[in-house]
Amino acid sequence: MSGSRSSKTFKPKKNIPEGSHQYELLKHAEATLGSGNLRQAVMLPEGEDLNEWIAVNTVDFFNQINMLYGTITEFCTETNCSVMSAGPRYEYHWADGTNIKKPIKCSAPKYIDYLMTWVQDQLDDETLFPSKIGVPFPKNFMSVAKTILKRLFRVYAHIYHQHFDSVMQLQEEAHLNTSFKHFIFFVQEFNLIDRRELAPLHDLIEKLGSKDSRCSKTNLFCLLFFNCFLFFSVNPCDLCYLFIHFICFCFLFRLSCFCLASIVLQCTK
């Protein structure tokens, strides 16, 4: 995203200290994202701590949503969004368990202000999100991280249901879609949000998943075709090379048959 509007944030950006291990993890995540394979990008890097990986990505998602919502704040007003909703079937009431213990009904901008302020407080708490090497994560870290991500999802849901037309007018739908796809693949990879919480965007999530699946299956068929070419063009005298390709061919053929069957099954549903 470029331009003054796209650089606007709703809350101050949360920065990870440069030179820290978490900063290196963030750079690794950014580099992997550049490959275009989001499923692979969200996977836990080999040898890394799960809590630290989730912490780094949670900060990143906060910054992404912070910027995305910052671009449409002029449309999300007390008048236009008198309740925090995600379509006609889903309405959210705010409570943080500390300052506001009983859920209250409030406008979307007020709710999101409460939400982002609360998330910011959690991320700034060194006992919850330690940034120094050697400082362990607390036992309740995973529970807190899940709550943060569950609440951040509600901002995505509100933007898609109530403000997608505005996002399209600003020509920022590509960034929103990529950010949300990254978010969903991440929470699915580590089972961080209950499926019932994702219901407001169920159709979109299914569409993103099926599209990614179709791309993977297409790549598999291409690999099978290439292996067939190598198999039939290899010198018959090279028995070892021939045997290896035969095994690969059988494995890929079996996988392709399975993928083809799943595609047929999806089409008949």
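Residue numbering: from 1, along the chain as shown.
Every residue, even glycine, has its Cβ placed from backbone N, Cα and C.
Unlike curated records, TrEMBL annotations are generated automatically.
The Zn(2+) binding site annotation in TrEMBL covers Cys76, Cys81, His158, His163. Around His158 (Zn(2+) binding site), the same-chain residues six or more apart in sequence whose CB sits under 8 Å from its CB are Cys76, Cys81, Met84, Ser85, Ala86, Ala108, Ile112, listed in sequence order.
Taken from TrEMBL, the feature transmembrane segment applies to 218-235 (among others).
According to TrEMBL, the transmembrane segment annotation covers 241-265 (among others).
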Next on the checklist: Can you name every residue in this chain, apart from Cys76, Cys81, His158, His163, with its Cβ inside 8 Å of the center of the Cβ atoms of the recorded Zn(2+) site?
Outcome noted: Ile72, Phe75, Asn80, Ala108, Pro109, Ile112, Ile159, Gln162
Checklist outcome for this item: Residues near His163 (Zn(2+) binding site) by Cβ (under 8 Å) yet at least 6 apart in sequence within the same chain, in sequence order, are Ile72, Phe75, Cys76
